[in-house]
């Protein structure tokens, strides 16, 4: 008892843990590390528990315990697979053995007894039917083959054994679905009407089916004879009102007449197999085949024209073909009568609308559709590649990296190597070998001493010079005098050397292909406005230096920069111009004031026009006459409402007092000062 209690407790504990975890499934939306560790420990418990209870027959994993420590999820899964794969194989083999054993049943004993009773009743009924059949066969066949009855009886008994009766309750207990389907098929066959078996019957041929088929053919021939008798009464010389009457006449013939051997199909020999997929496929084909309907309509028109001239038999065959085509086009749905009539009405309306349209109308429809699609393409927003000049702000980010760009390289292209060029080169080389002209290109070497080497020789010494300033000047003076004495040469020789150098330079420029221009003379002299190209390039003497100058060298750049139009000016440029105008205005006012003061000093009569006294007198005269009026400050006597106004007024008064006091002090000082010129003798 103790081990059983222990087993039950371990399983109950595992179930409670799993129940707690699955009780709140919303927790699994986030990562639950605690639950994960708990589940791994549960798997270990169950694995170890299973290993303890294993029999000797079941050989699972060789590991007696599941190892979890320092193992990741994949390694734990691999340990479980080692255990599960052989056990699953063992159970599959065991189940297949039990299924093959017919004596084993999953039903309870009470139901088995009921099934046996039902089976015995069915066997009794079937025995009676078999006896009746045997008597009929004996009466029909005589003593030809007495063993056939016994064979039939044995086969029926074996069928009854194989087909036990199943109830609705049994379906919940039996799990072999394929076996159930086979047994139900056998039952259905047994329930059908038993047919008479003959000696000729085998797996493919049955005499009873052939007799039934012949009887059906005889009945159809009798119907044909009746129809022929009715057709003899029809007057073929009677006038026909319209095509509809003709169609109705021949339609009756089609319905009554049988099909020819050329038009027989699978459904004429075997029962039709109906399925929803076939119906939907036919419906889709009908809706998607407008062009095919037009072609079929044209073929029908041709057939009608041919049928008027052909004989009656040919006409009947053409009508049968048309009937077959129409039957293919028809779609039948398992709907009630009202719904069926509505659907057929809608389909007929669509067909009629399609049939009414002429070829010109169809062409116009296609053309209109094409025009609409082209207009839509033209009106839609074009991609940035087709919008002309596009800046980086207008196109999407990193879109230029996906494009292959074509741009020109300003580089001289290498000559194309052809047969002609190679032959020319070979001829030149051969000719030089014949002439023994081995004068290879002279190797040019860079001069060891740079032209501006003197710049490198100047060393900067950060230490304070120990020499005095007088000593430094003395040394510089001595160096200059020594150089002058050392460099004294014959002036005629110097002149001849200069002339020869200039001549050889011009001759080299004209004759030598690999000409190196004369390097610049190292002079500590800044030459302004000298074109840089003169010393690096050999140009003809007739060309002036002005043609080689850059635009900036011809005309100096404005300090403010390039001249801009009003549209090109920025906010800073506009502000700069405004400040400049204000400054000029201020300067004009200052100059005007200076001129006025000079006039006052020089001549009082001329300056009287602009003096303050004259202006004040004129104002008084104007006020007396009434032409002008003074604007008085009437707000002085009024009381101040705010503290800010009071303190501002007080501050102004104090400033005025301070300024008056300073002026008086300056006047006193001026009076006290005595000039030196007055004290001169």
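Cβ coordinates come from backbone N, Cα and C, glycine included.
Looking at 275, 305, 603, 648, Swiss-Prot tags one of them with phosphoserine, and that residue is 275. Here Swiss-Prot gives coiled coil for one range in the set 574-604, 605-635: that range is 574-604. Of the candidate ranges 348-382, 383-417, 418-452, Swiss-Prot annotates residues 348-382 with the feature coiled coil.
Counting in whole angstrom, residue 382 (SUMO2 cross-link) lies 13 from residue 394 (SUMO2 cross-link) by their C-alpha atoms. The distance from the Cα of residue 394 (SUMO2 cross-link) to the Cα of residue 649 (SUMO2 cross-link) comes to 61 Å. In sequence order, 79, 82, 83, 86 make up the list of same-chain residues 6 or more apart from residue 61 (phosphoserine) whose Cβ falls under 8 Å from its Cβ.
The Cβ neighbour count for residue 394 (SUMO2 cross-link), using a 10 Å radius and every protein chain shown, is 9. In the predicted model, residues of the coiled coil (109-138) average a pLDDT of 51.
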